[in-house]
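For His47, the entry in Swiss-Prot reads active site, with the evidence type sequence analysis. Taken from Swiss-Prot, the feature active site, proton acceptor applies to His86, supported by sequence analysis. Among the features that Swiss-Prot reports, ATP binding site is placed at Tyr50, Lys82, Asp486, Gly523. Annotation comment: Swiss-Prot describes Glu84, Asn524 as Mg(2+) 1 binding site. Positions annotated as substrate binding site by Swiss-Prot, on the basis of sequence analysis: Ser85, His86, Asn87, His88, Arg107, Gln229, Glu301, Ser302, Gln303, Ser526. Among the features that Swiss-Prot reports, Mg(2+) 2 binding site is placed at Asp108, Asp257.
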Amino acid sequence: MQNQLTIKEIALELGISREEFDLIEEKLGRIPNEFETYLFSAQWSEHCGYKHSKHYLKKINESYESENAGYVQIGGKAVVFKVESHNHPSAVEPYQGAATGIGGIVRDILAMGARPIALLDSLKFGNVFDPKVKNIFEGVVSGISDYGNSIGVPTVGGETSFNEIYSTNPLINVMCVGVANKNHLASSHADGPDKLLVYVGSKTGRDGIHGASFASKKLSGKDDRPSVQVGDPFTEKNLIEATLEILKIKGVRACQDMGAAGVLSSTSEMAYKGGVGCELYLDNIPKRQEDIEPWEIMLSESQERMLFLVNPGTEKKVEAICNKYLIDFAVIGKTISTPHYVVKENSEGKVLADLPIDILVNAPEYYRNNTIPSTYILNKAKKYPKTKIKDIDKILKILLSNHNISSKKWIYQQYDYKVETNTIFIPEQADSAVLWLKKTQKAIAVTIDSNELYTYLDPFEGTKNVVYEAARNLISVGAKPLAITDNLNFGDPDDPEVSWQFEKSIEGLIEASKELSTPVVSGNVSFYNSYHETSIFPTPVIGMIGEIKDIKKIVNLKFKDCGDVVYLIGKTDINVDKIGGSFYLKVLEGFVGGEIDFVNPMYERYLQNFILDLIDKGILKSVHDVSKGGLLTALAVSCILSNRGFKGILDASIEELFGENQGRFIVSVRSKDSRIFEDIAKSSNINVKKLGEIKSSDDGIDICSAYFDLKELKSIYFDSISKSVEE
């Protein structure tokens, strides 16, 4: 009895609930031993088991997590992509948390047999004037920069937001894109018994132990640094090349990154997906410390490690490649026909665990009775405040200086965004990053987007807006949207209000993806983004990829020549009753509430096809989606980044200038093409409004009886973040 109580106490300490421990005992028909209890603590964690999200994720895609990443076919190639988070580790150890987040997502792409070609990130922080937040911000950017630059994968784009709700819970979401031969994609599924499990990469140490469990609970403020992994980008670079070579060997059957829960998760899931069991020999696993405990070996999340399944006789070829790249190699076990997960000290030694593999990998599925948050009702009922500042000059300058809208140059200038020479535009020059597919005329466009104000005020419509915003960003460079990857960042799933937000966000994602014919092919869920009793705003992050058929026809947001005519396309008349969630209200009025604007799916798709057609015809010289900060902010950014002035003919209210209604683009055309453009728009039933014409930089921006000196605006826009960091 004493032993049983001890095991149960260990289980509770490891995060297994009483009900879950009883369920394990019931399924096994016995009490697990201590070692097995450690295995369950990781595999049944939220991070590995998706306990609170599986019910909803099945509605998106039945094979949502079948492989390491999703892909689309473009130009005869498989373009592989996925986004993941490293939120908790980055809150505790910003530099290593962010760096190893890069390493992990790169290995997910690598495990598909794809060469990583680009990184993007979605970063959320609190107020950077807070010293603690500033430390996290600088550490995260440095970690991303050092790791990404060292492995030779460019960071080509992303977004960074600042909101006090993320002060103790920063969000570090990273997207990676890779390219592979469409006929040679690797699988993570074992394909039968009597195959060898081969370990490749760094040695196993104590870093990252309990990382999966750590990511499955609220941040407490305690020292959780032992749960944070430590990265080595130079080993990762060698691992990338070694993996791509190993996957060319005929006898290599499957590949899996050793991520969350390390050896345990990679081996058990590979075997389970293939309908077989496996047998592991711990003495064979390369170790940094000889005194490392068996359970530590299994749960360690030491970085830069991969698992391969190979035919017997193939291992020598794999070993030769590992020797070439100076990384560790070991045969650590084999697949077996019996569907059990067996762990031994060595091939002849003591059995430490013997578990039915389906019980180990299939955590329970929870479906809560959700509750509509009281804030949801209250926020919708809020009346917009009377405008305190009516001076357009002051409003625009305040918005351009706000860290959510100002240039992120301080961040991206630390990234090597041109390495491998695939990148067409430097960051911020276009609404999406564009990557050339070498030896073809095609390119891919990639973007990553979110809007926590929208998704807080209305998780369903807000998530739809984010998906459509991502699509607009691709349209703005001439790319047809193809597919989605997502990272769903939420608070405590045991809170019925958070669970409601999650469900509604999923429903919005599903509806928008169907409307745009952009399937969700991969993704991730990050729960427990809460500190004590405060959860973050619901923050679904959407990565989207699109195809550009002719790289010669791409456009960006920069105005080109003086005399070109500028138009607003789409919703030309703003609904002043639906400007809730706008940065104008948040920044100028300190107000978060009211109704957000909804997308019109049919019109939006028609509008997007219209823009793509005009880009293809060469009529549009620049395209810029109107989003954060509204119309005048978007117009000013195009002027700033192109070093061009603007003479406007617009007479508009503050709400029209700074509201954020959906489905709008700013475009420019040659003066000689303006009549043709207007005629095509009229015949296509597309709303357009002439805004003015492009002038020289010396002319500044003249609009709505206000004049802006371009040099002053450039200084405000480019220097805001750097001044805050350096203070």
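Each residue, glycine too, has its Cβ placed from N, Cα and C.
All features noted in Swiss-Prot, drawn onto the structure.
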| residue | record | Cβ within 10 Å |
| --- | --- | --- |
| His47 | active site | 25 |
| Tyr50 | ATP binding site | 20 |
| Lys82 | ATP binding site | 26 |
| Glu84 | Mg(2+) 1 binding site | 23 |
| Ser85 | substrate binding site | 25 |
| His86 | active site, proton acceptor | 29 |
| Asn87 | substrate binding site | 25 |
| Arg107 | substrate binding site | 26 |
| Glu301 | substrate binding site | 30 |
| Asp486 | ATP binding site | 32 |
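Remark: Asp108 (Mg(2+) 2 binding site) has Asn68, Ala69, Lys82, Glu84, Cys176, Asp257, Gly259 as non-local neighbours, by Cβ distance under 8 Å and separation of at least 6 in sequence. Neighbour density at the Cβ, taken as the number of other Cβ atoms within 10 Å, is lowest among the binding-site residues Gln303, Asn524 for Asn524.
Checking Cα-Cα distances from Asn524 (Mg(2+) 1 binding site) against the recorded positions (His86, Asn87, Arg107, Glu301, Gln303) with a 10 Å cut-off leaves nothing; none qualify. When the recorded positions His47, Ser85, Asn87, Glu301 are compared by Cα distance to Asp486 (ATP binding site), the shortest distance belongs to Ser85. Under the three-state DSSP scheme, Gly523 (ATP binding site) falls in the strand class.
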